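Chemist: What follows is a single structure, and I will ask about it in a moment.
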Amino acid sequence: MSSVVVVGTQWGDEGKGKITDFLSKKADVVARYQGGDNAGHTIVFNNETYKLHLIPSGIFYSDKKCVIGNGLVVNPKSLVKELKYLHDRGVSTDNLLISNRAHVILPYHQLQDQLEEEAKGDAKVGTTLKGIGPCYMDKAARIGIRMADLLDKETFAEKLKIVLEQKNRMFTKMYDAEAIAFDDIFEEYYAYGQEFAKYVCDTSVVVNDSLDKGEKVLFEGAQGVLLDLDHGTYPFVTSSNASAGGVASGVGVGPARIDHVVGVCKAYTSRVGDGPFPTELFDEIGHQIREVGREYGTTTGRPRRVGWFDSVVVRHSRRTSGLTDLSLNSIDVLTGIETLKICTSYEFNGKQIDEYPASFRDLEACVPVYEELPGWKEDITHIRKFEDLPINAQNYVKRIADLTGISLVTFSVGPGREQTVVLRDLYEEA
């Protein structure tokens, strides 16, 4: 058995898709375990760039099973659109598998998302308005509609009528919005379900059978630990468990079956949306990092907020996700910056703290404590060995590994797969 989890250690957008795609080469199964189409990942394959939101990165390898696990919430319309996007570019999806227990996002979830966000005013969380949160709410309230329901016309109709009655009461009475008609959803979304029905199965059985056979399984996370419902900067978080703990429940495997947990981070920090960000940069350096790093959301197109590397954040992720290995991306983006800074701790109420506060108000009051390191000017995008990096770049990477307490397994000096340098083979170690 050999299984590896890839998890973001910051606020998402760390380059997980790139690393997952890279690790997919040796995997037999690639499985997503949480989230929905609110998070995107960009993959460069055969010199072409693809942007995916739901389908796992391993889809480009026809010999690998690609699993959308039960922990995801799936928008059927988005899924059909993404399947067409791949088919139009000559990519087969015959290797895709979708859990029959995954919950389905329907138009009323998106409307609810929009109305709730508008009602919050200045206290809004900054949701992508994709209906993710409301769908997870229905799941917890036990009124959700799952893939197995969507594919059965009678069951889908029965459940949809019940849920719409509740939702429309809320829309009209609480928000003074228009009701959604049954006919506006039913036939269209039932038809979507029929388009991908051939992919739907009990994916927990598939993944566990693969592990029993000794096959290599890669679990692909979305977002990052700081957006995790329990361990993130609550309430500025997503509605699922983006930490490694989400794998067990989101795919249906026992936690003892996980061998490695790879934490992915950038050589700096970024986030989309509202919420505390202690090391955020508002100056010319921040602008440079954003433009050089193309820091714009894959899903929303929104400019990302950027800042210095925060070791407090990544240590928090190490503890809560049990990180065993570190994958460091986008080192090349920092080229040309004369002096680099790494946050080593926070100052809060006159005291130095090393752990991440639970209260977002406390976090907003934290002042980062920085350590400065000299930068480098040399172009490093062609580097393929750690020892070939400029000495200042080597020292910067080593300091990140030291401060986070995580052993480096890969680093990247550009967006291409060939620009990822592997220091150890995780599958051989498992």
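Yeah, the Cβs are placed from backbone N, Cα and C, and that goes for glycine too.
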Chemist: For the IMP site, Swiss-Prot lists Asp13, Glu14, Gly15, Lys16, Asn38, Ala39, Gly40, His41, Thr128, Arg142, Gln223, Arg302; sort out which one of Thr155, Thr238, Thr320 goes with them.
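Modeler: Only hit among Thr155, Thr238, Thr320 in Swiss-Prot's IMP site, alongside Asp13, Glu14, Gly15, Lys16, Asn38, Ala39, Gly40, His41, Thr128, Arg142, Gln223, Arg302: Thr238.
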Chemist: Among the recorded positions His41, Thr128, Thr300, Gly301, Arg302, report those whose Cα falls within 10 Å of that of Lys18 (GTP binding site); none is a fine answer.
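Modeler: Those near Lys18 (GTP binding site) - Cα within 10 Å - are His41, in sequence order.
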Chemist: How many neighbouring Cβ atoms, not counting its own, are there within 10 Å of the Cβ of Gly15 (GTP binding site)?
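Modeler: So the Cβ neighbour count for Gly15 (GTP binding site) comes to 22.
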Chemist: Cβ atoms within 10 Å, counted per site: which of Gly40, Pro303 has the most, among these binding-site residues?
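Modeler: Counting Cβ neighbours within 10 Å, the top one is Gly40.
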Chemist: Per DSSP, Pro303 (substrate binding site) is which: helix, strand or coil?
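Modeler: Strand, per DSSP.
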Chemist: Round to the nearest Å and give the CA-to-CA distance linking Gly301 (substrate binding site) with Gly15 (GTP binding site).
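Modeler: Distance between the two Cα atoms comes out at 16 Å.
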Chemist: Hey, of the binding-site residues listed (Thr42, Thr128, Gln223), which one tops the CB count within 10 A?
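Modeler: By the 10 Å Cβ neighbour count, Gln223 comes out on top.
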